[in-house]
């Protein structure tokens, strides 16, 4: 009897241990690991729910492109101030099977009735129908899906249709943008209809529903991209833009095509290759920054002592200044011959010549960097990074330009339209720097404006992805992307630190180095000793999403500056 009780007791103990073990193990299959390192696949978007939607697409057997599209459709709701189907995007895609990278260009174009001198003030180019360029977002999704999609097109829309209908709590990024644009939104009934409660803008945590956009997503899911460009949604889109004073026509939409770029810009940094878009995006600017800096052979030691750290950051800022001086020569290659400019900006010899002009003890006046022209700042944006189970990756940056784009929202379709026309240079709009506007970036029908976006994928010699990275934040995008790469690749910071580490930014015009509030005082002191004008950023500098290959799997980071969080499995 005693023996029987002992056996039963042991069995009970074993059973308890098994149950406890299962309880501990089972959630880990569905629960996110706290360190955001995933063994098989990862998505880093700027909203947690959107990272999860992307992850679920991967779990359902979707490709990296499927996950990116599903997540972007979600970001267009949850961070509607940054991006959406009324905007445009660029995708850098790496296929692990073929070991080839490609870029899909779905940036907006100037309408066919546009002309170089159409704007006399920034007010016109930033707000209202005239500031709207022909949206490319949905054509971009379509081309990417045709080439790399595994899941049905409609499946990619389903989670976001549900989200838009049921509503969701306003997140950190959207809440900040609503507060920033409070006056405009509260005065405009069509915007206030969705973004206000009791005629006051929604605050973080309050519920936002987007029923009209849910209907539009449903139409696109069923009818495909054609619905937007040459189908059931087209007439209303044109009507909405023209009612707000715009010049986009049905013909503009009918004629819009996303472009496949089979040989994207690439540069080598030691044993890795970086793939990124060329002009009119800022891949060449990123390439020049990194090529200038690689000659310094940065390592962990470069930031060990306050003296070394100060010198290192000074050199980084000087590289920014030289690269941004050359940025003003870039434009849409279909309209301007930028071959030689891009060749120079990606040449190690050219970078070495500029590096030789960097003085370690001082910065220089603006004229020293030889800026030939001035290009306007670009706006917000959203970035996401994806790595799928097969090792393929997508780096996607999407935008409607400034917060809430043109502020033109359709009461029927719910689409919020871009103000991408503001990214062009205008001969008649002067700037305070006394530098002429850039002719390479003047408006022409069908032309794409210059952008700071640079979605990047880094690949090792073994053909495996090492890093997927990009940023949002207007003109600060390129420097923030460069810093994330420098922090991880050269300083050896893990991905979380590479994304969270305080940043600084200098674009030559204005002649100021902006630093984040929490940056190391030694850095600011070293810059000021070298005659840099520093100022503290009013909020933060850009928003980065990155995924890095580590020994333990895919380490993913979504920038806390916008309140995002990655997902994976």
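Here the Cβ of each residue, glycine as well, is placed from N, Cα and C on the backbone.
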Candidate from 99, 107, 112 that Swiss-Prot assigns to the same L-glutamate site as 399, 400, 401, 423, 451, 452, 474
107
Per Swiss-Prot, which of 5-26, 27-48 is transmembrane segment?
5-26
Name them in sequence order: residues not among 107, 399, 400, 401, 423, 451, 452, 474 whose Cβ is within 8 Å of the mean position of the Cβ atoms defining the L-glutamate site.
88, 378, 379, 380, 381, 420, 449, 453
Per DSSP, three-state class assigned to residue 107 (L-glutamate binding site):
coil
Recorded positions compared (120, 297, 452) - highest count of Cβ atoms within 10 Å
452
Given the recorded positions 74, 120, 381, tell me which ones have a C-alpha lying within 10 Å of the C-alpha of residue 400 (L-glutamate binding site).
381
Once near-sequence residues are set aside, which residues in the chain of residue 196 (disulfide bond), 6 or more away, have Cβ atoms under 8 Å from its Cβ?
185, 186, 202
Would you identify the secondary structure of residue 230 (N-linked glycosylation site) according to DSSP, in three states?
helix
Let's check the environment of residue 401 (L-glutamate binding site): how many other CB atoms sit within 10 Å of its CB?
31
Do you know offhand how many angstrom separate residue 452 (L-glutamate binding site) and residue 266 (N-linked glycosylation site) by C-alpha?
17
